[in-house]
Amino acid sequence: MGRKNRNRQRAQQNRDGRAEGKRSRDDAGWGAGYSEIIKENKLFEHYYTELKIVPEGEFEEFMEAMREPLPATIRITGYKSHAKEILHTLKEKYFKEVQDLEVDGQKIEAPQPLSWYPDELAWHTNLSRKILRKSPLLEKFHQFLVSETESGNISRQEAVSMIPPLLLKIEPQHKILDMCAAPGSKTAQLIEMLHSDMDVPFPEGFVIANDVDNKRCYLLVHQAKRLNSPCIMVVNHDASSIPRLHFDQDGKKDVLFYDRILCDVPCSGDGTMRKNIDVWKKWTTSNSLQLHGLQIRIAVRGVEQLAVGGRMVYSTCSLNPIEDEAVIAALLEKSEGALELADASPDLPGLKYMPGIASWKVMTKEGQWYSDWSEVPTSRHTQIRPTMFPPTDPEKLANMKLERCMRILPHHQNTGGFFVAVLVKKAPMPWNRRYPKLYKSTFMCALLDGVFYCSFSSVTVLHIDMKCSVCSSPPPPKKMKLFGFKEDPFVFLTEDDPIFPSIQAFYDLSPGFPKLNVLTRTHEGKKRQLYMVSKELRNVLLNNSERMKVINTGVKVWSRNTDGEQFGCAFRLAQEGIYTLCPYIRARIINICVEDVKVLLTQENPFLRKLGDDAHNQAKKLGQCRSDNTCVCVGYTLYVYICTYCIKTFVFYIYNKQNNCKMLPIATTFKIVRRQIKVNNK
């Protein structure tokens, strides 16, 4: 048979779906061509049966829970002033409708709050996507969740991953480091806690979110941007060697130590089997053995940069003590009393967990067990390390109080598996007893043509043990290697920048407006976007530009609108920066009533004449109805801000996900102003 005939026959078979042993895609479903993953792993069951991390008599229940799909969990953004309104809408409208609903003769289980999460701001539900599509009511509920998620009011986040940020006890003044942050659900939670007081646009604290994967850093940026915070910086470094940063304090350069550190390390992920079913067939003990060293290095780097009195939360989505208690024990032993394992159980009173264990064994992927380092043959020393075993000294082991660690098992509260431990730093680490020294360039040796020259000597000098034989200074630092995309620079504006006078006059910025915190992303050419960061992040950026790779920071507050120059200001407000700017803008404010809000949100062409007389008169006073920028306030103390353009007779919305407004065609010159809408909740 010729090639053409064979191809023709194959095409006919694909159309008819009658080829032997084959089915069309429509018949087979989306899983066509893939064998179903069997949720079974004998080595996994044998390993955890032997370790006895599950209470006696509960192992079958534990395994059954691991095979069940993980319920979806949502968290309402707690720092937004309208969080209570969103919760009220969910409970009174959507959840009540779901309670008595039946789909295909099956009663739908209504979403339930997580008992241990404060203020009922986190809920879980077993509703699958298949069920959501079968009911118009459920589909409406789903659309509401999607809309609020895009706007940053709701986050989809696994229940157990909400635990570490809660245990950090974040306060607005804290300097926070998230060492392995992507994809960013925990980072978003940290930002929310930092902004617990919405009346303070610039908290004294900040979050530096790091990830080693350059591409995953952009997922992190996407998560952080939903919250529109000027106090977040995303950086791209290996967490085990993340650079020590400097900052100016009282006119002197100092070392930056963090008040809070989240150390959610890479792990084997066997606690995620309910959602990542690939783990069932890929799991072996060698995964934990390979990651153990990296986990210790990251944790050690974390405690080195932690301030004395600060808290570091170490967490994994693994149940394996090699990745959990073994790492904590190694840290405590290395610290020589500088670290203490805190009892975090009172912080989350409704959470069910198992205390950490003080005895465990190590198993190879072939199934061979070792109870002590002395039993490990020399041939295995590269795979199995002494830190993988519990301390042999009973007194030292008892003083560590490993029972204060918390292991969350899936069958106790219908969650994923998780491990978390809270460490408090009581003193500098023993290898850092002396305060880190800041070497000035005048005392640094120079590297010329591969040869070191000391600043005190004109001759070649030797560097022994990383110190100069003449001045005892370290060799000059190597130039940082950058991976991934080359980022645009972060350039801060000066107070006398020619951009400011027109903006200052147009918006009547208050004298307290922090001009020095405004930055752009270009050295040359027109400045198209203006961003703002907090004073503290500006300090960090200016002192560490050559020391770290910054992916993103700040919140966009103004965008260039060239046509607006004829009205005196070439920059319009950006929707994402309106919360940051509002405390400083004193001009071009229009107060409107609830009926005006309805016009703006429901009319496709919101004519100015459709607004109330009071709002119309205020618009006229702005001068030729040039433009409006809107801040909407709905509810008791609820503030939602919407940016709009206005010309002559129309008000045009800028597209923004915060309020799902439409983008209307704009072909005329506009300016942005601010309108504040206050609505009484009746």
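Each residue, glycine too, has its Cβ placed from N, Cα and C.
Listed in TrEMBL for this protein:
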type     : residues                                                   : note
ACT_SITE : C317                                                       : active site, nucleophile
BINDING  : C180, A181, A182, P183, G184, S185, K186, D211, D238, D264 : S-adenosyl-L-methionine binding site
COMPBIAS : 13-28                                                      : compositional bias 'Basic and acidic residues'
DOMAIN   : 62-426                                                     : domain 'SAM-dependent MTase RsmB/NOP-type'
REGION   : 1-28                                                       : region 'Disordered'
TRANSMEM : 636-655                                                    : transmembrane segment
(request) Return the maximum Cα to Cα distance in Å (whole number) over the record's S-adenosyl-L-methionine-binding residues: C180, A181, A182, P183, G184, S185, K186, D211, D238, D264. (result) 20
(message) With Cβ-Cβ distance below 8 Å and at least 6 positions apart along the chain, what are the contacts of K186 (S-adenosyl-L-methionine binding site)? List them in sequence order.
(response) S161, M162, P164, P165, D178, L262, D264
(request) With an 8 Å cut-off on Cβ-Cβ distance and a minimum sequence separation of at least 6, pull the same-chain contacts of A182 (S-adenosyl-L-methionine binding site), or say none. (result) D211, D213, R216, C217, L219, L220
(message) Measuring Cα to Cα, how far is C317 (active site, nucleophile) from C180 (S-adenosyl-L-methionine binding site) in Å?
(response) 13
(message) I'd like the number of other C-beta atoms within 10 A of the C-beta of C180 (S-adenosyl-L-methionine binding site), please.
(response) 22
(request) Have a look around G184 (S-adenosyl-L-methionine binding site) and count the other CB atoms within 10 A of its CB, chains all included. (result) 28
(message) By a 10 A CB contact count over all chains shown, which of the recorded positions listed here is most packed: D238, C317?
(response) C317
(request) Please give the average pLDDT for the domain 'SAM-dependent MTase RsmB/NOP-type' (62-426) in this predicted model. (result) 91
